[in-house]
Amino acid sequence: MTGIISGLLSAVFLALAYVFSGVAVRHCRQAGPVTILALAHVMMGLLSLVGLAFMWTPLVWTALPDYIGPLVGVMVFYLCGQGGLLCAQKTIDSSRIVPLLGLKLVVLALLNLLILRTESYGALQWLGIALTLLSAALLNRAGRRIPLRGLLLVVWTCVGYALSDTYIVQLVPQFHAHGMEGLVRPALLSAFLAYILCGIVSLAMLPFLPRQPLAVWKKVSPFAFFWLLAILFLFTCFADLGTVNGNIIQSTRGLLAIGLGAMLAKAGYTELEERVDAAVMARRVLAGVLMVLAIVCYNWGRW
């Protein structure tokens, strides 16, 4: 039950984080996506330092030679993916981007088939991949047409996230190998260390970026808070249920983002979300449902 609740909370907080990242990108256009990325991760790094203080273990130092490689891999590809997301949000509403992130499934499949050669796929997995592509095509026709550049940025984001995931799978077991027991503690420790490293890199970027007033930091802070909170619940969910079931629960974030987008548009925040009629909204919901089904089909054989 803990894993299910954690997964659902993570999906809710991620949907909120995407809304607030969209707010930051569109309300602070003079700052730009790269600056927003750096500001957010400086804040996440500071919060993660507090978390690390409560979970401190000598393994942070003694196991460093073994986990530093995967940790750097997680950080580099995650920041690349997150940068792509923020750039995409300049032109694509969050309620359409979030379901499209399910394309990470296709990226992972191609990565495993063509490069890592670690998996083979049956009929259900190929059905899941086909449903993912169908969902993406439907989303492209559910409102303003998504520009090619925006779609390529979403694909870039999915590639970054997928490659980061492959290093997460290598990172957490390093602490198990050094005798750390349980599932949740190694997962949370890995998350804190990854975001501390992201914070250090982001802090090093600040002198090369335009200095921002306090108002911009305030605008970025909700994104930083909800994103880190979502990631902590996500790692807890993965530790308790495994990545397969965790990813299935996470797929609901697309539907949540569509619902949040509809509420924002109805409330008059049309600079954030396009106001659409009932038929277009129905297509978006159908696309979100197809993405959930795609992830269920893709992971069915792994249960």
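The count begins at 1 with the first shown residue.
Using the three backbone atoms N, Cα and C, a Cβ is placed for every residue, glycine included.
Remember, TrEMBL labels are computer predictions, not curated facts.
Per TrEMBL, the feature transmembrane segment maps to 6-25, 37-61, 67-88, 97-115, 121-139, 151-169, 189-209, 221-242, 281-301.
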Quick check: do the transmembrane segment (121-139) and the transmembrane segment (189-209) share at least 3 Cβ pairs under 8 Å, counting only pairs 6+ apart in sequence?
no
By Cβ distance under 8 Å, which residues at least 6 away from the ends of the transmembrane segment (37-61) in the same chain are close to it?
21, 24, 31, 79, 82-83, 86, 175, 178-180, 185, 188-189, 191-193, 195-203, 205-206, 209, 212, 216-217, 220-221, 223-225, 227-228, 232
Within this structure, do the transmembrane segment (281-301) and the transmembrane segment (6-25) have 3 or more Cβ pairs under 8 angstroms, counting pairs 6 or more apart in sequence?
no
Count the CB pairs under 8 A between the transmembrane segment (189-209) and each of 67-88, 97-115, 221-242, then give me the winner.
67-88
Non-local residues, at least 6 beyond the ends, that sit with Cβ under 8 Å of the transmembrane segment (67-88):
21, 25, 33-34, 36-37, 41, 97, 150, 153-154, 156-161, 163-164, 166-168, 170-171, 174-175, 190, 193-194, 197-198, 201
